[in-house]
Structures are given as C-alpha cells and as structure tokens.
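Visitor: Reproduced below are the annotations present in TrEMBL:
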TRANSMEM  12-30  transmembrane segment
TRANSMEM  68-95  transmembrane segment
DOMAIN    146-181  domain 'EF-hand'
REGION    238-260  region 'Disordered'
COMPBIAS  241-250  compositional bias 'Basic and acidic residues'
DOMAIN    289-531  domain 'PABS'
ACT_SITE  445  active site, proton acceptor
C-alpha cells in the first residue's frame, strides 16, 4: 500500500488506476468466464474491496475453478491497495469541499469578552499589531482564551528585562526548550502508556546541562557524523536513572589539542528533534593542556568535512560557523579560512622585505620547508623580485586536502605559476642533499613541536642540525624565518628546545609577533635570523607587496618587532640569546609569580 500510494500521489491518478484495474477484472470475467458485463464488474469490485478471495462465492457459483482462484489471488494483491487509495482520495475531496465551503464563524466581541482579555493589552483604546491579532483570533473562534493566556505567560517568562520586548536569542532558546519538553512528553506517552496530554502535564522541566553531562559521560559528544544516531530513549533512560552505572570508559585516545566539547542547546536539541548531531564545539588549548587549561578557544563546528590518516599524521578539516573551514593536524589547529592570511602574509612579506633590503638589486630565490598548504608560496609569488619558490613538505596529502577545502589559498593559481616547484620529501634530508644550492629566503612553516615529541613528522625540523643546514643554505644576505610559538603569559617551556636549537645555529635571532585569532592565545610569533646582521627594524625597507593584504603592512611589520617588557623578560628566561630579550630583573617578577621558567632562571642566577 505504501509503495502504490507513493506513485498514486494525486486524486486523478488514483481514480484512473482504480478504473483501469476494474476494467481489467471485468475483461477477465467476460472473456474467460463468459459472465455478463454487470456480473463481471461486480466480481472485479468485490475482489478489490473487502471480499478478496470470497469474490467468486458472492457470485453464487460455489466452488471456484483454478483459473479464477489464481486470477483473484494476483488481482486482489494490487487491487485492494488501489481501491483503498482511491477511496481515501475521494474522501479527501469531499472533506476539502466541506471545509472550504464552511464559512469562518464570526463571533462579535461583547464588552464582557473585551474585559476578559483587557489584561492582555496595553490600553482599552489603543492596540498594537500583536494585540489586534489576539482579539481577531478570539473573535473568529480560531483560538481560545486558555491558549492566549499561555502565550502571555510564556512572553512574560522570556521577557527577562521586563520592558515588553524580547531578545531574539531568548526566543530561540525558549523554542528549543519547548521542543525538548514536547519530545519528552511524546516519549512518556509511547513508553508508559500515557496520553500525550497527561504526559505533557507530568513531564519534567528538562535540565539541559544535566543531559549534556550524561551524554558526555556516555561518550556521545564526539565529532559528527559518529554521534548522529544515538536514540533519544537511551538518554531519557539515563535521565530517569541518574544513579545507573555508566558504560565503561573507552580506552584513552592519543592526547589531542583540539577536542570535542559540548554545546548543549544546539547539539542536544538537534538530536531530540531527529535531525542528528549537526553542531559541536572543538576546543584548542595549545601545547601543554595541564599548564594552560584556563586558555581555551572554542570553534563552533558544524560538520567534519574530511579526515585523512596518512603515513605521517592525521589531517582533519572541520566546517565552522565562525572561522570557516578549519585545518587540524594531529589535534592541533593549523589554519582557518578566516585568518590564514595573517599567518602567511607575516611569514612571507617580513622575510622578503628583510632579504630585499640587504640585496637591493638581486632576484630572490625562496625555499619553504613545510607549508604544504602553499599559503606562504602564494604570498612569496606576489613579489616580482622572487624568481623561484621551492616548497618541500613531507606529506603530499596536506596540499591535496587544502586544494579541496581552502579556496582562499588560491591553489590553482599558485600551482599554475611557473616559478613554483613542489617537492614531497623530508625537508632536513632535502637540505642535506641540496649541496651548493643557496637561497635568499628560507621559511620554515611546520606543525608545532613540543619538547620531547620525537615521533611527529615535524620533529627533524626542530633540531640544531636542521637549523645549521638552513643557515648554510642561505646566501650571504639571506634571511631565515621560522614559526615559533605564542608569547601569551603562560609557560614557554615547550618552546625552550626550539629556541635553543635556533640560537645555536644563528648568532642573532629576533622574534616578531602578530594577531592570529584561530590560535589558542589569539596571536603567534616567528623568529627572524640572518647571516649578516644589522638593525633588522631600522635597516629594512618595509615595503608592501603588489595588491592588497589582509593583515600585513609596512607599519604592522615594523611594530611586530616591538614586544612588551614582560614578554621580553620571559624570553630572556627562556633563551637569553634571543635578540631583544631582557635579563631577569626582580622588578619584572610580580610577588607570588610561580611561572616555572622565571623561577628556574632566578635559581640559576642565585
């Protein structure tokens, strides 16, 4: 019946099918059984309605022969659903006619009626649009006073400011809470044999936060699409039995700096409406979760675009409602559509400006180690003086996944530039094999590396050996720029080995920083190194590249090297050889300061 009803989706089609099938049965009776026309029609209709196999007996023949039995067996299988659909369509036509023909009942409002609703309006003489609608609905008999009073109570409940106006977000929240309550009432009615009305009256006001905590314990708050099919009934069962033992915890997954979090009023209400989990939160807390738990940045994730596990790392692209597509590598946020230009512009244009100022008339050859997303390459190729850009990345899938999901990187235009060469390989080994080849600009754009992590793909790029290879691959006037860390006021121990490895290879190392919203502290930094050193700020002509930039400008570049005294002091405690770092002074350390790098430096200094 469901299949036939799907195709007989109009009244005309249903009646046409009915008469075709009646005609088919009539022809069988007249040709095969030699019945009269009237008798054949009666047989056909009887077989299609409730008679079925009893149709031949209704004709008074007694026992039917085999041909009639076989025909009726097949005929009624299709005929009965067709008959039912046609009768239902006819009933709908009649009902529709009756409803259309019935005029709206006009109920004049008496003074007593008006007095009954005067508490719903502001004045007996002046009505706004909403009040007029209420009165008209009551007058036309389309709504009763109890419903209107319920709406008034709901309005007053939502109107937290008491000024007679509603905030859109509060209304949205109210609708979702109401949806939850009705869904719970429907569940009670279904599972406990209650009427829906009684169930609604006895339904609890659901504590959304409690539901979230239970869902989190059950392991449901994970990136979509894995959590889409969790049934409402299981969560309600947990609600009814809060002391019921939870399922055993799953084995701990590898430490991740982007972890799924709960978004109660979005995710759970979506589940309970039957729409699946369509929204989640990912939280980026940076390198040392134990030390920086108070520093968290949440992304509103709407979908997991793609997840690729390569030989070297795990790549994930999330769709978010605030920063667009977000690339995550091994649990660490790398770039987003909203602010990738900040990162790539600062790395590339600062390096080019510094190198160009030291070799004013020379063309520049650039090398990017890492940077498989080609963001740095895109910015380098904007400069006419850059004659070649070589990108060496160990994982070809980084470029492939960025080509698919990050149109802002302009992958087609970048790959179509004849000055670009992309090499898939280990950057450290590639430099070892480069021999006498020299570069004016070398940029290291690698995933962040914590001290002690020797198994990640980027580990070789944080060694003293690699930095020495980079130094030796520079021309005399060349510059070396590498991504460093966030300089926010929390421990920098995770960057200590990186800073030491760079300072072991270069005599002068100068940090600069910029605003990077998608990273945990909201900003990031890099280290500028050179073989021939002057005053990097004063000696560099901070020129802008052709075309508009989203973040970089000559003024921003110059200001990026100005760091607060407290940050400079902490850099001095981390690695005193960094240019601009201040020696540890008691005046900078506040009473009760327990930052471990300052305490260790103070102890070492006696």
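Positions of Cβ are set from backbone N, Cα and C atoms, glycine also.
Keep in mind that TrEMBL annotations are predicted by a computer and have not been checked by a curator.
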Visitor: When you measure from the Cβ of residue 445 (active site, proton acceptor), which residues in the chain that are at least 6 apart have a Cβ under 8 Å away?
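Guide: When sequence neighbours closer than 6 are ignored, residue 445 (active site, proton acceptor) has 347, 368, 369, 370, 371, 375, 376, 483 within Cβ distance under 8 Å.
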Visitor: In this predicted model, what is the average pLDDT of the domain 'PABS' (289-531)?
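Guide: A mean pLDDT of 87 is what the predicted model shows over the domain 'PABS' (289-531).
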Visitor: Through the lens of DSSP with three states only, how would you label the residue listed as 'active site, proton acceptor'?
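Guide: Strand, per DSSP.
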